[in-house]
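Below: one structure, written as structure tokens.
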Amino acid sequence: NILQFRKMIQCANKGSRAAWHYLDYGCYCGPGGRGTPVDELDRCCKIHDDCYIEAGKDGCYPKLTWYSWQCTGDAPTCNPKSKCKDFVCACDAAAAKCFAKAAYNKANWNIDTKTRCK
């Protein structure tokens with residue numbers, strides 16, 4: 001679920017960067033996505049997008065699926081409940097952890113995706 005994902009991001013990065021910073025970053029962070037990721041953070045978003053696609057193939061609705069999780073230290077941890085909930089939670093938790101490890105390059109925020117994402 002998008003709202004839970006936002007909170008997971010805050011958990012993983014210890015509140016150092018608001019989730020909205022990732023909405024228009026690179027070629028894959030935010031709606032849509034195409035081309036080659038511009039950096040490691042953008043690659044995290046592509047992996048997350050691909051994970052959601054796989055969840056959809058399994059009959060799940062990733063953007064709408066509510067799941068159970070908790071913030072343990074600086075790591076989101078999923079609480080197993082059902083196949084879809086676990087799948088989507090794992091997608092979001094992995095992405096949040098990936099975001100926390102990747103550098104944020106302000107030059108890759110709000111880029112011209114038509115020219116840079118081929």
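Going from the start of the chain as shown, residues are counted 1 onward.
A Cβ is built for glycine as well, from the same backbone N, Cα and C atoms used for every other residue.
From a predicted model like this one, the values you see are computed outputs, not experimental measurements.
Of all Cβ atoms in the shown protein chains, 22 besides its own fall within 10 Å of the Cβ of CYS11 (disulfide bond). When secondary structure is read from DSSP and collapsed to three states, CYS11 (disulfide bond) falls in the helix class. Swiss-Prot lists CYS11-CYS71 (among others) with the feature disulfide bond.
Annotation source Swiss-Prot lists disulfide bond at CYS27-CYS117 (among others), citing similarity to another entry. Of all Cβ atoms in the shown protein chains, 18 besides its own fall within 10 Å of the Cβ of CYS117 (disulfide bond).
According to its DSSP assignment, GLY32 (Ca(2+) binding site) is coil. Its Cβ placed at the centre, GLY32 (Ca(2+) binding site) has 9 other Cβ atoms within 10 Å. Annotated Ca(2+) binding site per Swiss-Prot: TYR28, GLY30, GLY32, ASP49, in sequence order, evidence recorded as similarity to another entry.
Sequence-distant neighbours of CYS45 (disulfide bond) (same chain, six or more apart, CB under 8 Å from its CB) are TYR22, TYR25, GLY26, TYR28, CYS29, GLY30, GLY33, PRO37, ALA95, listed in sequence order. Look at Swiss-Prot and you will find CYS29-CYS45 (among others) tagged as disulfide bond.
Marked as disulfide bond by Swiss-Prot: CYS44-CYS98 (among others). For the recorded site, CYS98 (disulfide bond), the DSSP three-state label reads helix. The Cβ of CYS98 (disulfide bond) has 17 other Cβ atoms within 10 Å, all protein chains considered.
The 10 Å shell around the Cβ of HIS48 (active site) contains 23 further Cβ atoms across the protein chains shown. The active site annotation in Swiss-Prot covers HIS48 (among others).
Taken from Swiss-Prot, the feature disulfide bond applies to CYS51-CYS91 (among others). Neighbour count (other Cβ atoms within 10 Å of the Cβ, all protein chains): 18 for CYS51 (disulfide bond).
Residues annotated as disulfide bond in Swiss-Prot: CYS60-CYS84 (among others). Within 10 Å of the C-beta of CYS84 (disulfide bond) we count 16 further C-beta atoms, all protein chains included.
Annotated disulfide bond per Swiss-Prot: CYS78-CYS89 (among others), in sequence order. Secondary structure at CYS78 (disulfide bond), taken from DSSP and collapsed to helix, strand or coil, is strand.
What Swiss-Prot records for ASP92 (among others) is active site, and it gives similarity to another entry as the kind of evidence. Cβ contacts within 10 Å of ASP92 (active site), excluding its own Cβ and spanning all protein chains shown: 28.
In terms of Cα spacing, the recorded positions GLY32, HIS48, ASP49 that come within 10 Å of CYS91 (disulfide bond) are HIS48, ASP49. DSSP gives CYS45 (disulfide bond) a helix state.
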